[in-house]
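Quick look at what TrEMBL lists:
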type	residues	note
COMPBIAS	454-466	compositional bias 'Low complexity'
REGION	416-477	region 'Disordered'
TRANSMEM	31-50	transmembrane segment
TRANSMEM	56-77	transmembrane segment
TRANSMEM	89-114	transmembrane segment
TRANSMEM	159-192	transmembrane segment
TRANSMEM	225-251	transmembrane segment
TRANSMEM	257-278	transmembrane segment
TRANSMEM	299-332	transmembrane segment
TRANSMEM	379-401	transmembrane segment
Amino acid sequence: MRGKGNGAGLIGQLRRPPGGRDARLMLSAQFVDRTGTGVWAASCVLYFTVVTGLDAARIGLLLGIAGVAGIAGSPVAGRLAMSFPVRTLLIACHVLRIGSVGLLLVLDSFAALLPVVALTSAGDRAAKTLEMVFATEVAGERRGTYQALFRTVANAGYALGAGIAALGLVFGAYRTLILANVLSFLVAALLVRCTRLRTPAGVVKSGAGQESSRRRRRGPWRDRGYLRFVLLDVPLNLDDTILMVGLPLWLVSSTDAPHLLVPVFLVVNTVMVVLLQLPFSARFDGPQGAVRALRSYGVAVAAGCGLLALSAVTSAAWAAVLLVLTAVVVTVAELLRSVSSWELAVSLAPERERAAYLGVAGMAQSVQKSAGPPLVTGAVMAAGPAGWLALGGVLAGLSVVQRAASARRLAVMEARTGTAEGRPRAEELPTAAGRTADPAARPAGTVTAEPADKAAVGPAAAPAMAADDRLSPPAAP
């Protein structure tokens, strides 16, 4: 059976992605960008050790502070995207990283490297948020398919970058690898420059719409319901740390499985994401599909943690089997989480402020990347198998809470505006003669107005909106 997200096959989708020419250019830019990032990720620790002479403690502190600095990049980028074109801002992020990464070639002290690496991290997170905003602007209703294509090319880029880094490290070409990363940002910037999207994400075309937009804007920081979604999304991103940090360290410290399995985990993850992200996106399409994916995510991540716990009390051969199976199951959790987290971050946000909201949502992954490794290594693994079982239970429980809260918010948004994504249903739009509009008969490009207040939605919707005031507090007079 051919699904909506992958009916034309991966190659066909990449040739004709949602968003057309601009989307193809952006996917190409993202592939090049992630290739450079893969080069950097695979070589940065050795670069700081061999070339700059930093010890392990200072390298850890350097990368940790950089991760914290990166948290600020997402909300700042989202806010700027409300006023400036995403294309311009994304080019600026690439140029920023060209300069900051290039400076690494001439700096060798911890004090000098710290602000440069922190700035690079902030630019990375800002660029990722702007790519999310771009997807919502260009791909529209097919943004889920676009995001699946993006994850496919991104993982392929990471894998290629890691391969390039491995080759460069064999010859000790540390500075050449840094230059390769700089070159990737330059090429990505040139590709983004060729796109045509010029309008800031927060611009509303009509004058009346602009007045209504200014009156209604409250911002993500005062929207308690959305902040709750972001807060819950932080621990629900821990599958990344489980796979990349917890699984290799658990193999080495608590099992007798052969160490050569560690690179196998990355291969399994990369192959599965490249081959399965599109089918998963099609299977859990749209806001309601994203809510359903949360239920499956809880089951998958709990199963993965259970397998890790079991691997510590078996023979070396069985431990190897269980750990590879863990990599498979946790990758399934990652595929489910990527669908649910991305789609809900968009669908739960008011359409006119989507860029600012996505900036706040982007903080979840940044916070997890900073707090996740210490949590898994310092608390979970220290508790042994019981720690993994506890973590699996907590994440499964949080997925249930996130699912219920998201479904409730979507229902309130649907009652307020007609759909879960902030647009009136076509069949509810009155025609000039007072009849219900036929969606097929409505001319393309027709613009419709949102109801101005609760009364315009109808008496049946008012109780639903009153039942969940956590959507956001009342606007200031």
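One-based numbering along the chain as shown.
Note that Cβ sites are derived from N, Cα and C of the backbone, with glycine treated the same way.
Small disclaimer: the values here were computed from a predicted structure and weren't measured.
Long-range neighbours of the transmembrane segment (299-332) within the same chain, counting only residues 6 or more positions beyond its ends whose Cβ lies under 8 Å from a Cβ of the stretch, are 238-239, 242-243, 246-247, 250-251, 254-258, 261, 264-265, 268-269, 272-273, 384-386, 388-389, 391-393, 395-396, 399. Counting C-beta pairs under 8 angstroms (sequence separation of 6 or more), the transmembrane segment (159-192) reaches the transmembrane segment (89-114) with 3 or more such pairs. Under 8 Å from some Cβ of the transmembrane segment (89-114) lie the Cβ atoms of residues 33, 40, 47-48, 51-54, 58, 62, 65-66, 77, 80-81, 120, 123-124, 126-127, 130-131, 134, 175, 178-179, 181-182, 185-186, 188-189, 192-193, all in the same chain and six or more residues away from its ends.
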